[in-house]
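Structure record follows, encoded as structure tokens.
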Amino acid sequence: MSPIAKLVSLVALIVTVAPSLLYFFGVLSLDAMKWIALAGTIAWFVSTPMWMGRKQTG
Amino acid sequence: MTDKTSDSGGEFEREPVSENALLGQSKFWGMYAGEHAAGTEFMIGPLFLSAGASLQDLLIGLLLGNILAVLTWRFLVAPIAIAKRMTLYYQLERITGGSLVKLYNFINGVLFCFLAGAMITVSASAVGIPFGIDYAVPEAMFGLGAPSFTGLVVLVGIVIAIVAAAGYSTVARFANIAAPWMIGIFAACGIVSMAQMGATDWSTISEGKWWTDAIDFVQSKDGEKSFPFWQIVVFAWLCNGAMHFGMADLSIFRFAKSRNAGWAPSIGMFLGHYMAWIAAALLLAAQIKLSQDHAANPGALAWGALGWTGILCVVIAGWTTANPTIYRAGLAFQAMIPKSSRTVMTLVAGAVATVAGAFPNLSAQLLGFVGTYGTVLGPMGAVIFVDFWLMKKFGLEDEYSTKTNQSISIPVLVAWLLPVSVGLYLIFWQGIFAAYAVVPCWIACGVIYLVLSKMTQTKVDAKGAES
């Protein structure tokens, strides 16, 4: 579970930050950028608690 | 740090950290990354622009100041932390006596409350955006904002104080989880702001008109101000003066395996106090360009750039900073009254912080506040420095209070209060920039402590009695 959650977190972080770059280069509108960043944020806070700060078992 | 090893966790508080409790470097890098990309950055960044700092001075001045801060951690704090492996408070107690440490702790707690108050203001500014609650900084230092904003500050303060009183391990874990995301959000805020100002090609960026236009606008409204290069350098260097010059981070580095952990603050300095400050300043520049509004309202600034994600970031950044700060203030107050309950003292600290947070002008004074904080607490670091490096070289006893069972060391009391009084006089009555006072007070404190020790110390025999 942990490796998958880590991968999801990484993707979520990219989805949060990358839209700002796409907006900067004129690829995305401001509104689209904001909604995609929010989706990335939600994904980050769902996936990251599954692995960060948890004691390893086994 | 984990709860097990933290300053508040109850382990190794009155003994050196044992070999098997030492931590690897990654813990320190992670902790400093989270601690210095916090809610305060949303307030401090725009203040540079409001104060009239040029972009070039900001970019180079912050770079130099942050390098000096990292070097101070590495070469001033880490060697003593590794050699003694004790908390700041226990080291101070051995040098100054228990009563003086309690006084230091109390002052530390009060200053923590004001810092937490600024964070409550920041969080409330963001929570109020969806409800249309206006955040405005009144003219008077102790003027309240709109009644609805004051009510919101009280609500946010109550929630933060209750969570802190319940213990902050959950918040600490949440802060760790949020830290990488927050750093990403700060970067995104800067990138979006640049695009909103049309600074998307190299020639426009390098021309810098988007920055000078923003400064001209602020100065046309608020009058001419300047924030020169060396003032930026000194601020960046000493805004955490209590942590490095003041040696508060001895309590952290005592767990380090090697002195090289002292380089870890560099991640916090260059992500939090460089990238995040500049990004937060860009938010204000973009807001001025888009709406001719120069109010440094953290919630509105983040909303303009990133919408709900920005609001979440301001709320979380403010909350995760305010919570441990109130918790630590509660511990400091509890140390003053040993029989008191930690929960009650944390709620008292939360109440003081909430009252401070209700005055928006206090949080607008953060540039001065952090300098004052370093001026008041920083000099105690000089006492530790002199005691560790110089006392034996001058034929004097180190940790004199422990060896003589004193509860208060008069040389330390005088060496601390005298320069700090002069420093506070210069800051509040002569108007010098607060961070300028940190290093002179630190040096004066160390010299006075050494001279007074030379004048007052008597020989201590092997059993610890004075002769």
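Numbering starts at 1 and runs along the chain as displayed.
From the backbone N, Cα and C atoms, a Cβ is placed for every residue, glycine too.
Remember, predicted model here, so these are calculated numbers, not experimental data.
The transmembrane segment feature in TrEMBL is assigned to B:58-82 (among others).
Annotation source TrEMBL lists transmembrane segment at B:103-129 (among others). For the transmembrane segment (B:103-129), the residues of the chain that approach it from at least six positions outside its boundaries are 38-40, 42-43, 89, 92, 96, 135, 148-149, 152-153, 155-157, 160, 242, 297-300, 302-303, 310-311, 314-315, 317-319, 321-322, 325-326, 328-333, 335-336, 349-350, 352-360, 362-363, 366, 369, 373, 376-377, 380, 416, judged by C-beta separation under 8 angstroms.
Under the heading transmembrane segment, TrEMBL lists B:149-171 (among others).
According to TrEMBL, the transmembrane segment annotation covers B:178-199 (among others).
Residues or ranges marked as transmembrane segment in TrEMBL: B:227-246 (among others).
If one looks beyond the transmembrane segment (B:267-288) by at least 6 residues along the same chain, the residues whose Cβ comes under 8 Å of a Cβ in the stretch are 29, 32-38, 41-46, 48-50, 58-59, 62-63, 66, 69-70, 183, 186-187, 189-190, 192-194, 196-197, 210-211, 213-214, 217-218, 236, 239, 294, 296, 298, 300-302, 304-305. Per TrEMBL, the feature transmembrane segment maps to B:267-288 (among others).
If you look up TrEMBL, you'll see B:300-322 (among others) marked as transmembrane segment.
Under the heading transmembrane segment, TrEMBL lists B:343-360 (among others).
According to TrEMBL, the transmembrane segment annotation covers B:366-390 (among others). Same-chain residues lying 6 or more positions outside the transmembrane segment (B:366-390) and placing a CB less than 8 Å from one of its CB atoms are 40, 43-44, 47, 51, 76, 80, 83-84, 88, 91-92, 95-96, 104, 107-108, 111, 114-115, 118, 235, 238-242, 244-248, 250, 398-399, 412, 415-416, 419-420, 423-424, 427, 433-438, 441-446, 449-450.
Per TrEMBL, the feature transmembrane segment maps to B:410-428 (among others).
The transmembrane segment annotation in TrEMBL covers B:434-452 (among others). Beyond the transmembrane segment (B:434-452), the same-chain residues lying 6 or more positions past its ends with a Cβ under 8 Å from any Cβ of the stretch are 231, 234-235, 237-239, 241, 245, 367-372, 374-375, 378-383, 385-387, 390-391, 394, 396, 410-412, 414-416, 418-420, 422-424, 426-427.
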Cβ under 8 Å, sequence separation of at least 6 from the ends of the transmembrane segment (B:149-171): give me the contacting residues as numbers and ranges.
3, 116, 120-121, 123-124, 127-128, 131, 133-136, 319-320, 322-324, 326-327, 330, 342-343, 346-347, 349-351, 353-354, 357-358, 360
Between the transmembrane segment (B:58-82) and the stretches B:178-199, B:227-246, B:300-322, B:410-428, work out which stretch tops the count of Cβ pairs under 8 Å.
B:227-246
Which bits of the chain, at least 6 residues beyond where the transmembrane segment (B:178-199) starts or stops, bring a Cβ under 8 A of a Cβ in it?
30, 33-34, 37-38, 41, 205, 210, 271-272, 275-276, 278-280, 282-283, 285-286, 289-290, 301-302, 304-306, 309-310, 313, 316-317, 320
